[in-house]
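According to Swiss-Prot:
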- His366, His436: heme 1 binding site (BINDING)
- His380, His450: heme 2 binding site (BINDING)
- Gly575, Pro576, Tyr577, Gly578, Cys726, Gly727: NADP(+) binding site (BINDING)
- 330-445: domain 'Ferric oxidoreductase' (DOMAIN)
- 465-583: domain 'FAD-binding FR-type' (DOMAIN)
- Asn78: N-linked glycosylation site (CARBOHYD)
- Asn91: N-linked glycosylation site (CARBOHYD)
- Asn111: N-linked glycosylation site (CARBOHYD)
- Asn143: N-linked glycosylation site (CARBOHYD)
- Asn155: N-linked glycosylation site (CARBOHYD)
- Asn207: N-linked glycosylation site (CARBOHYD)
- Asn615: N-linked glycosylation site (CARBOHYD)
- Asn744: N-linked glycosylation site (CARBOHYD)
- 1-18: signal peptide (SIGNAL)
- 19-212: topological domain 'Extracellular' (TOPO_DOM)
- 234-288: topological domain 'Cytoplasmic' (TOPO_DOM)
- 310-324: topological domain 'Extracellular' (TOPO_DOM)
- 346-371: topological domain 'Cytoplasmic' (TOPO_DOM)
- 393-403: topological domain 'Extracellular' (TOPO_DOM)
- 425-430: topological domain 'Cytoplasmic' (TOPO_DOM)
- 452-760: topological domain 'Extracellular' (TOPO_DOM)
- 213-233: transmembrane segment (TRANSMEM)
- 289-309: transmembrane segment (TRANSMEM)
- 325-345: transmembrane segment (TRANSMEM)
- 372-392: transmembrane segment (TRANSMEM)
- 404-424: transmembrane segment (TRANSMEM)
- 431-451: transmembrane segment (TRANSMEM)
Amino acid sequence: MKIQQLIVFLFAVVLIDARTPKRYSELDIVMSTCTTFIGKYGTVCTSTGKRSTNWNCYCKTDAGFGTISDCLVRGFNNNTNIISKFTESCNMTESKFHAKYDKIQAEFKTNGTEYAKMTTKSSSGSKTSASASKSSKSTGSSNASKSSTNAHGSNSSTSSTSSSSSKSGKGNSGTSTTETITTPLLIDYKKFTPYKDAYQMSNNNFNLSINYGSGLLGYWAGILAIAIFANMIKKMFPSLTNYLSGSISNLFRKHLFLPATFRKKKAQEFSIGVYGFFDGLIPTRLETIIVVIFVVLTGLFSALHIHHVKDNPQYATKNAELGHLIADRTGILGTFLIPLLILFGGRNNFLQWLTGWDFATFIMYHRWISRVDVLLIIVHAITFSVSDKATGKYNTRMKRDFMIWGTVSTICGGFILFQAMLFFRRKCYEVFFLIHIVLVVFFVVGGYYHLESQGYGDFMWAAIAVWAFDRVVRLGRIFFFGARKATVSIKGDDTLKIEVPKPKYWKSVAGGHAFIHFLKPTLFLQSHPFTFTTTESNDKIVLYAKIKNGITSNIAKYLSPLPGNTATIRVLVEGPYGEPSSAGRNCKNVVFVAGGNGIPGIYSECVDLAKKSKNQSIKLIWIIRHWKSLSWFTEELEYLKKTNVQSTIYVTQPQDCSGLECFEHDVSFEKKSDEKDSVESSQYSLISNIKQGLSHVEFIEGRPDISTQVEQEVKQADGAIGFVTCGHPAMVDELRFAVTQNLNVSKHRVEYHEQLQTWA
């Protein structure tokens, strides 16, 4: 499946790069400034379209060239770089430009207004145009100036055509003529500076927005590149990491790479407020730093190089000006992030294989990028509304289709931000998931129709492509696996056991997981991830699921009244996903620690390593509450006899012997006594028989001291040691903390690998 994943990734990259957004060159900004300023006084060259320049007119006609060249020379202080770029666009030499310009200036000085229209502005703000009688003079006149082309910058700065041209308001304060002027229009450029500053700010803001958007993608590309490099090194040279066990390495690992952000809680949610409404998950310290830097960069990039231009002719108020600039910036930044957040949220993400990150890590980053992106879009919508209100364009603009779709996308994004809170995901994941998909569809479609006319539609196509390919690959996995008849039963009162015949080509991944669709009328649209093991004959996968709310509860209710609490249900399987931890490759000693229903994935990885290993020390520790929990994992525990795995099971509530009747039908644990014992003695007898049947397993009653256990294991290790865990979040966090506190106990490297997939 890695080929399909690579196609998804590369196709997205190609789409993003297919048509980059419009960037404004220095000449674009100059021409935009000049043509707008000239347009206040008259029409010299007609427009050929939005944000386009009538090059034919400005390069080849006397009126167009004479007017625009005067703006370049006097308005932009004869900037040689600008003039050079203009001449390239007009396919002329710089010497020809200067000669032609000097000729026009000489004609004007010699013949006054017979050659050019001279614009002035009265004190009342109305514009007057002094025009000479139609003369036969032309640019080819023999009276053209023969002066040096390098002198006209200073010569024309005090041209007699200059007028007082004071600006009495924002925008087009004069009333421009509608007819096209056929002779050069020479204008006073004393009040030109606000135009230069304003158009430099507004047009360059688009360029900076694209640069900063690329910078945000570059930031994540850098993070991914580091992760890919580290992962490739670990895979190609697995023993190399064992040398990274010195004080400096351990210092970074103890305080940066391994620990939770705040003391212990990483897998456990933190609580704010009442009823768990503001509960959330905090990633590791390193992941938090990565996210914080991203958030800070986004905030900086949203505001850098945005400021108020005094006497800005484009906007009537400061609020309108700054609102428009911030809206453009945040909108473009948000657009750049959309394909990335879709990619990070997909199950068939090729980057998982390259980086070695698990799905939970990508989902965590997906959520944070999504939060930042939606906030950018909300700021974009608010600031544009403020700007449009200030300029009086709001009501008209909101009737346009692209604005309606933009509003739809923004509203859906806001609902996604609210609806994706941990509170809703945990309370009813199925409802959350269905609503989430619907909202995302409208968010992306609305975003496309909003952005397509602005030149940014390709970003949405990239997002759609990533999403669509992910769905196609997922459907392909399901199709080739087929609809299989699974045997589903309730074990130990709180666990579902799902046995699914698998195709021969389907390779089980140690420590992996698969998504299951139950083909029941109200359940088939839902899919849930479960870790699995395989039978000894390798013809089935066996999945275990703790009965909670939602789909597992519905299945349990369906099975409860049936004989043996068992039924055959057709299922669709999507997978496998995940991979074993690197502890088996890197460490001479591996300790697998599972809690409750976290055992299947840990067990499969442990047994897989035992089959391949010859001289590694492998230990399996399983922490359960009650004896009855053993009932649904009996076959797997018995198989451990054939391996070199040292197994220990902690029973934290051994006095609770309820549910042991499920062992009575197991031949391995039949009572050895013929006495008619009391219920209590029968239970203890059965427990004794369980221990005898699993004599290769050490049973310890009580809760383990994880910190002490880790310290002992590290001290006893004769080489690098790795801890691999999955189970209750509190236990997992406790083990993580214990490992970070014992990195320096031994001279050997100590590793920690977490297989708990927390994404709901």
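Heads up, the Cβ atoms here are built off N, Cα and C, so glycines get one too.
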Ask   = Looking only at DSSP and grouping its letters into three states, which state does Gly727 (NADP(+) binding site) belong to?
value = coil
Inquiry  = Could you check whether the transmembrane segment (431-451) and the transmembrane segment (325-345) come into contact, where contact means at least 3 Cβ pairs under 8 Å with the two residues of each pair 6 or more apart in sequence?
reply    = yes
Task = Determine whether the transmembrane segment (372-392) and the transmembrane segment (289-309) share at least three Cβ pairs under 8 Å, counting only pairs 6 or more apart in sequence.
result = yes
Message = Through the lens of DSSP with three states only, how would you label Tyr577 (NADP(+) binding site)?
response = strand
Ask   = Which of the three DSSP-derived classes (helix, strand, coil) applies to Asn615 (N-linked glycosylation site)?
value = coil
Task = Sort out the residues at least 6 away from either end of the transmembrane segment (404-424), same chain, that have Cβ-Cβ distances under 8 Å to it, and list them.
result = 269, 275-281, 367, 370-371, 373-375, 377-378, 380-381, 398, 431-432, 435-436, 439-440, 442-450
Inquiry  = Restricting to the record's NADP(+)-binding residues (Gly575, Pro576, Tyr577, Gly578, Cys726, Gly727), give me the longest CA-CA distance in Å as a whole number.
reply    = 21
Request  = Quickly jot the same-chain residues contacting the topological domain 'Extracellular' (393-403) by Cβ under 8 Å, restricted to those at least six beyond its ends, or write none.
outcome  = 385, 449-450, 452-454
Remark   = Spacing of the two Cα atoms, Asn744 (N-linked glycosylation site) and Gly578 (NADP(+) binding site), in whole angstrom, works out to 31
Message = Of Asn207, Pro576, Gly578, Cys726, Gly727, which is closest to His366 (heme 1 binding site) if I measure between C-alpha atoms? They're all recorded positions.
response = Gly578
Inquiry  = If you compare CA-to-CA distances from His450 (heme 2 binding site) to each of the binding-site residues His436, Tyr577, Gly578, which comes out shortest?
reply    = His436
